[in-house]
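Q: Pasting the relevant annotations from TrEMBL:
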TRANSMEM  20-39  transmembrane segment
TRANSMEM  46-67  transmembrane segment
TRANSMEM  128-144  transmembrane segment
TRANSMEM  196-224  transmembrane segment
TRANSMEM  231-253  transmembrane segment
TRANSMEM  291-313  transmembrane segment
TRANSMEM  325-347  transmembrane segment
């Protein structure tokens, strides 16, 4: 199925990076399917899938310079942050100069700003996709350790990374991977009753894109159910304070550009037309005119309110239920927003897949003997009629 899905891209009117990925990944998935038939273990098949759907197409795109425009936006925001301490241009002339992300995303553009692009090695190592991928994998590793679950080594993680829902955005853009990894990490910490760590992960995620903000409500609801109100309040306070610390400097230096580029632009309220124009319900409504736009926003608010009420009436009780609730909220947001892309739906799908992957089987804990040992010599036990 993955091979068919990837193999369709070269024949669609898709961007060039997507077609390149589809051609290479389709062959990679076919080779992985053959390896699964010939090999008894899954590790060989998963390794072939990772190589064919992730490593090879990513290297090809890195060498040829193929990438979505978001990669250039992140790298430019890193250079702007070094130059003027804010990633936003005061007067963007084209849509490519707009930075629709919060200031934290500029971190992944700093390697390009520091290394430059003169020479093949700096050009390769400075690509923002590598650092977005590293952050994503690091967060998944941390979440796996936090859940303390045995999920079969690296095979399930490799299968997740090789799946089209991860492999395609990893190779062509990578912009949503750090956000996804941080959300997984925050939910894992919340499920383990670690409010401080969950709050820090939420703060990092909320400083990247404001679409991460609903995760605060879900994680706080989960913590309130599992660890009590005090832990939930502590996590919320850390998340809000951390986000303010990370976003406030840019908000003070360029408040107008931040509002216009981060909030107005994705909602279709700025002077630039957003490229996020997939025919989703909210986009179709907004295309009908002002009345349609207000209808889409009303439906968006209604969907968000319904999820918020569900968090109060039926709070999530474990990692899977929390991931499902967050995925539901994000699906409603992406479907009903006045502007959006089909690719945005990969985030909620990945949350659902990951939460079930790490649920696994608890790691074996050494059984401790309940016998009480003393320093006294054992007394002889009477036998027969002896007293």
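If you go along the chain as it appears here, the first residue is 1 and each next one adds 1.
From the backbone N, Cα and C atoms, a Cβ is placed for every residue, glycine too.
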Q: Under 8 Å for C-beta pairs, could you tell me which stretch among 20-39, 46-67, 128-144, 291-313, 325-347 has the largest tally with the transmembrane segment (196-224)?
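A: Stretch with maximum Cβ contacts: 325-347.
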Q: Other than its close neighbours in sequence, what residues sit by the transmembrane segment (291-313), given a CB gap under 8 Å and a spacing of at least six beyond its ends?
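A: Residues 214, 217-218, 221, 268, 281-285, 325, 328-329, 332-333, 336-338.
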Q: For the transmembrane segment (231-253), give me same-chain residues lying six or more residues beyond its boundaries with a C-beta closer than 8 angstroms to one of its C-beta atoms, as numbers and ranges.
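A: Contacts of the transmembrane segment (231-253) (Cβ under 8 Å, skipping residues fewer than 6 from its ends): 84-88, 102-104, 190, 193, 195-196, 198-200, 202-204, 206-207, 216, 219-221, 223-224.
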